[in-house]
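Inspection log for the structure reproduced underneath, given as structure tokens.
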Amino acid sequence: MRNKGDFLFTSESVSEGHPDKVADRISDTVLDAYLAADGESRVACETLVTTNRVVLAGEVRGPSSVTPEALIEGARAAIRDIGYDQAGFSWKNAQIESYLHAQSADIAVGVDSAGEKDEGAGDQGIMFGFATRETETLMPAPLFYAHGILHRIRDLRKAGDARVAMLQPDAKSQVTLRYVDGRPVGATSVVISTQHDEGASQAAIREALRDVVQDVLPEGWMCPEDEFYANPTGVFVIGGPDGDCGLTGRKIIVDTYGGAAPHGGGAFSGKDPTKVDRSAAYACRYLAKNVVAAGLADRCTLQISYAIGVSHPLSVYVDLDGTGKDVDEAKLGSVLREVMNLTPRGIRQHLRLNRPIYTETSAYGHFGRTPDEARDNFTWEKTDLVDALRGAFNR
């Protein structure tokens, strides 16, 4: 997304009850179960969800205390927490099968370390991070508000608010914003599709959703009434995994920057932090956010690449999109290597990733979230490198 001129830009989000997000949630529940038992566990868990059936598959290495039965019960608890107790998909009677098996010894050889020697990356790949001064969380505005709308609906639904009592867990949102001189100034259209009880009034649903959107968007940003689309296809009773099959890792743009920045292609959920698809993408966001928070630029895109079995990144690329404040991008790339150890081990230690902190990342975006000091989560959203970055450029 460019940073100059007048244009429209759109991003979408999906709720925790979307089939693909149900799969992501279960995969991260499996991951957290292993990391809670042993922080050095290796996990690559894929999940398929469909009508009253859940299938777990992938590779793991961890303590035997994490039994298939425990993982199945964890998946069932996740479905219950999301809110599914429907004829076609219920936490009570969904058939859950686990086909998880041991991690490949060939992969383990390239990844494992000897003592304190840096281990190699779990795979080759490219990862991106991004930050922009458009919102208080330094996230792109269209995605920020698309997430915010669904998160607000979720909070109201789980709080038992009568206005949304007819709504069920599956939902999607899409927000189009108008930019003037490269800055967002208002919404031109908002789309929300949400699963609901049979017989629910579409007029009541529209009214409830309009109230949510107006609460989430800044004052004066609401789109014209004829560009507000609430359940535009009409009835949406059959939803969730009963309506569409869900798979882990199919919402990578929703998970990251809503299309406002490049994506390396690797999904996050179900992967332990030796997988640089996840951990290095978190590091890229962390560094990009700190660059913008330090006042070195208004926008920052960062790319890092790795090779399997090699500990150091093969490249670090920085693009400030013309918004740098007298900052040389090549020098900034070198400085970023200095302020953070970008080996897989270094990233995990710096961001404290070998902990069961992933379940809550599985919906409403991995980035732009608020760290909770008590739980020490979302560490990649902290801005604790600001002083070091300013010092490197004599600010």
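Easy rule for this one: first residue shown is 1, then count along the chain.
Placement of Cβ uses the backbone N, Cα and C atoms for every residue, glycine included.
Taken from Swiss-Prot as is:
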- H18, D170, A171, K172, D244, R250, K251, A267, K271: ATP binding site (BINDING)
- D20: Mg(2+) binding site (BINDING)
- E46: K(+) binding site (BINDING)
- E59, Q103, D244, K275: L-methionine binding site (BINDING)
- 103-113: region 'Flexible loop' (REGION)
Between the Cα atoms of A171 (ATP binding site) and K275 (L-methionine binding site), find the distance and write it as a whole number of Å.
30
Can you give me the Cα-Cα distance between H18 (ATP binding site) and E46 (K(+) binding site) in Å, rounded to a whole number?
16
Do you see any of the binding-site residues E59, Q103, D244, K251, K271, K275 whose C-alpha is within 10 Å of the residue listed as 'Mg(2+) binding site', and which ones?
D244, K251
Please list, in sequence order, the residues in the chain of K275 (L-methionine binding site) that are at least six apart in sequence and whose C-beta is under 8 Å away from its C-beta.
A44, G122, D123, G266
Secondary-structure category, per DSSP, in which K251 (ATP binding site) falls:
coil
Considering only the binding-site residues E59, Q103, D244, K251, K271, which fall within 10 Å of the residue listed as 'K(+) binding site' when distances are taken between Cα atoms?
E59, K271
Surrounding CB atoms that lie within 10 Å of the CB of E59 (L-methionine binding site), all protein chains:
16
Long-range neighbours only, meaning 6 or more apart in sequence with Cβ under 8 Å: which ones does K251 (ATP binding site) have?
V14, H18, D20, K21, D24
D244 (ATP binding site) and E59 (L-methionine binding site), distance between Cα atoms, whole Å:
25
Count of other CB atoms lying within 10 Å of the CB belonging to D244 (ATP binding site):
14
